[in-house]
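Enquirer: Got a structure here, written out as structure tokens. Questions coming.
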């Protein structure tokens, strides 16, 4: 009973803090930077609170259930939100303070955690005894690596999508336009113009004491370079996690089912995901720099990851059907 109450408290704290962080984050884009910079840094620190809340939740559930909390969709979503908070903190503690990355990780964390705590998963939060197939020391290694890989690949893919949007977008950021109606504001607010604005505003702040003028194209190019820089490195990290997860899963499958690979839906889509991002890394290696082709491949990979992550859970078939919607 105590563990259950503590889980609910920690979950609500983390979700509430992330919601407040998102509110503060977007409000700071609508007011003067000098007046809002303190609130912006406070919102970044809120992610740290979220990280420790989710960490406490995972440890509490681990102690209560007696196994690592990655046995169903609810727990894996919370762990995925935890992974996004780690990526967010990497940019927070980075000396250059890459706010472009924060614009991706914070909304992703609140969306995933909001879905995990929604009524759609109301039957999953309760801990249960593991099915025999999951009672293995490989559970922590395999599932944690896969979820961390999903988190990093999703984040890197979103940055690549932002790169494509900003590259092909001809209209300047809406923050500089006056007399914007409410409908248009809401439509463009959730486009990647927010990343454009953050970069240009910060660049102007850094140069405000120097009598130099930079064209908007320079800031646009600088932003594209930053997005490409971070997407490549985050996707590379996610690809490493995914590779380790697939290999450890193959060893686990051989111990449990007597075969390293069975081509069930989850394994098939995991292989497709791995192949797509292997192509991405190959293109990046050949390009030796920024490229649209690699960003397109990463954007396709974004959709494939969600199919791989939720496909089996929606269908409830195959060897990985445990923890799915239908099995609960």
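The first residue you see is number 1, and the count goes up from there.
Glycine is treated like the rest: Cβ placed from N, Cα and C.
For reference, Swiss-Prot lists these features for the protein:
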- 13-33: transmembrane segment (TRANSMEM)
- 46-66: transmembrane segment (TRANSMEM)
- 73-93: transmembrane segment (TRANSMEM)
- 101-121: transmembrane segment (TRANSMEM)
- 146-166: transmembrane segment (TRANSMEM)
- 234-254: transmembrane segment (TRANSMEM)
- 263-283: transmembrane segment (TRANSMEM)
- 295-315: transmembrane segment (TRANSMEM)
Enquirer: Between the transmembrane segment (263-283) and the stretches 73-93, 146-166, 234-254, 295-315, work out which stretch tops the count of Cβ pairs under 8 Å.
Expert: 295-315
Enquirer: Below 8 angstroms Cβ to Cβ, which residues of this chain, lying six or more residues outside the transmembrane segment (295-315), approach it?
Expert: 73, 150, 153-154, 156-158, 160-161, 163-164, 167, 228, 231, 235, 264-266, 269-270, 272-273, 276-277, 279-280, 283, 321, 323-326
Enquirer: Do any residues of this chain, six or more beyond the ends of the transmembrane segment (146-166), have a C-beta under 8 angstroms from a C-beta of it, and if so which?
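Expert: Apart from its flanks, the transmembrane segment (146-166) reaches 70, 76, 79-80, 83-84, 87, 100-101, 104-105, 108, 191-192, 195-196, 220, 223-224, 227-228, 230-235, 237-246, 249, 270, 273, 277, 292, 294-296, 298-299, 301-302, 305, 308-309.
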